[in-house]
Amino acid sequence: FLWISMELNLLSFTPIMMVGKNNPEIEGSITYFLAQATGSAILLFSSSMLWMLQTWSPNSFALFLTFSILLKMSGAPCHFWYPSVMSSISWIPCLILSTWQKVAPISILAFLLPTNSNIITTLAGLNALTGGIMGMNQNSMRSIMAFSSIGQMGWMMSLMTIYKPVASVLYFIIYMSLIAPLFLIFNNLNTKTIKSLNKSYSKSTLIQASISLLLLSIAGLPPLTGFFPKLMTFFSSD
């Protein structure tokens with residue numbers, strides 16, 4: 001059922017990415033479709049083999065299944081398509097891609113957790129590390145937010161590995177509530193690069209304060225809202 005839902009979701013979301021009908025958006029939507037189709041093919045093959053073997057214990061097919069989910073949810077090390085797609089589409093599709101499109105793959109990953117906890121723990125750290133390091137040398141705001149999303153996914157996967165599903169859902173809801181207004185502001189200001197963000201700061205003190213607080217909150221700076229999910233992760237690990 002989840003696989004069918006993801007495929008219907010893919011077919012529904014791909015046209016939304018091409019709303020501007022310009023070349024970068026078309027290229028981005030094709031890249032997204034190919035990445036998702038590849039992930040779906042690997043997912044279907046590996047799950048079929050696991051069903052034939054009548055086992056969900058860790059093996060090569062279980063590993064293929066885990067990485068197919070990572071490919072679909074743009075998790076490291078299968079994130080190669082995500083920053084380029086994010087930088088080629090508009091902010092509203094970026095918001096959907098960073099939030100709603102990850103719900104189904106994350107649900108499947110949570111289902112795989114009992115048999116792949118060690119692998120997922122390693123991948124959680126890899127996602128947090130990749131998002132933090134790779135985001136530092138980006139000029140495009142969409143690419144920066146893409147790597148930020150990868151890093152946040154690592155923190156959320158960390159909560160999943162210590163069997164805190166409610167805390168993981170709460171983390172995801174807080175993350176969505178933070179990036180939604182930020183992406184809408186960027187969309188209204190037509191912010192594309194760090195340079196254009198600097199120009200936006202001079203337009204209004206309210207805009208400057210809103211963007212600064214939201215960015216610092218997403219970064220997890222205390223005592224802002226985004227700090228508490230990370231604090232919750234540390235407390236849950238005890």
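Any Cβ shown, glycine's included, is placed from N, Cα and C.
Positions annotated as domain 'NADH:quinone oxidoreductase/Mrp antiporter transmembrane' by TrEMBL: 2-235.
What TrEMBL lists as transmembrane segment is 60-82 (among others). Only residues 6 or more beyond the boundaries of the transmembrane segment (60-82), in the same chain, are considered here, and those with a CB under 8 A from a CB of the stretch are 6, 31-32, 34-36, 38-40, 42-43, 45-47, 49-50, 53, 101-102, 105-106, 108-109, 112, 115-116, 119-120, 123, 126-127, 129-131, 146, 149-150, 153-154, 157.
Tertiary neighbourhood of the transmembrane segment (88-113): same-chain residues 2, 5-6, 9, 13, 16-17, 19-20, 24-25, 27-29, 31-32, 56, 62, 65-66, 69-70, 72-74, 120, 142, 145-146, 149, 153, 156-157, 160-161, 163, 165, 168, 172, 175-176, 179-180, 183-184, 186-187, 191, selected by CB-CB distance under 8 Å and a gap of 6+ residues from either end. TrEMBL lists 88-113 (among others) with the feature transmembrane segment.
The transmembrane segment annotation in TrEMBL covers 144-163 (among others). For the transmembrane segment (144-163), the residues of the chain that approach it from at least six positions outside its boundaries are 73-76, 79, 82-83, 86-87, 94, 98, 102, 106, 109-110, 113, 117, 120-121, 123-132, 134-135, 138, 171-172, 175, 179, 182-183, 194, 218, 229-230, 232-233, 236-237, judged by C-beta separation under 8 angstroms.
Taken from TrEMBL, the feature transmembrane segment applies to 169-186 (among others).
Annotation source TrEMBL lists transmembrane segment at 206-228 (among others).
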